[in-house]
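Some features that TrEMBL has for this protein:
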COILED    229-256  coiled coil
DOMAIN    124-210  domain 'Ras-associating'
DOMAIN    210-257  domain 'SARAH'
Amino acid sequence: RYTCHQECRSLIQLDCRQPGQCQSHLSPESTLLPPCSQNVTQTVEEEKPEPPTIQEIKQRIEKYNAKVTNCLLMKLNDDGTYTGFIKVHLKLRRPVTVPAGIRPQSIYDALKEVNLADMTDKRTSFYLPLDAIKQLHISSTTTVSEVIQGLLKKFMVVDNPQKFALFKEMRKDGQVLFQKLPLTEYPLYLRLLAGPNTDVLSFVLKENETGEWDAFSIPELQNFLMILDKEEKDKIQQVQRKYEKFKQRLQQTLKEARGKPG
């Protein structure tokens, strides 16, 4: 007569020989979880620190800008918000889906907010350059979710944004640590706290491993298989050409050696 977590079920041990009277036999020592109501899992909200005042933000921005070695400064607005730049490293191991046969986005398209992806239903997939870096100018109110959507829009990626996640990369004691950021986090505030040094903190766009391949549609998965098949055939041809040249050198050497004494 109690409720426990599903993952804890195998750990529960009760010495109960009278199911009809089990309520009287229950004790804290005989169970791993005390009797509880149906609502077992309750979200415990962490105490969030008080938001910084405008004066504190101003001091932090002045300290931040004093360390900047380029022109990528932060600017405080009259309403207490601020703007600045972040760099995002793209470390995607899987191909992305983009419109086929679409020209690159121009400044005119960006100003008019023209979505080139809507101009065609044709799709193709390709791998983005490994560890490419994209610089974004964002506001202190820009969330992680908006940063991901902005990056996908710049590269005209039509994949579901839920397939991607933004991580913060930190270096500590010679180790590289990654931490997935919640969608409601504000990257520019993290940048402000860490300072402009990207060795202390940097942002990385990676695949969201929560859903694995289930988040992709059947046509996308089939397209990925075609790309992998092509890469495999190209690799086989490279190996074959390499050893064919090696074979020709050996045959040429043997032919030259036959005409020599000894």
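Note: Cβ is positioned from N, Cα and C throughout, glycine not excepted.
TrEMBL annotations: computationally assigned, not manually curated.
Mean predicted confidence for the coiled coil (229-256): the pLDDT average there is 89.
Residue counts for the domain 'Ras-associating' (124-210) under DSSP, split into helix (H, G, I), strand (E, B) and coil, are 22 helix, 33 strand, 32 coil.
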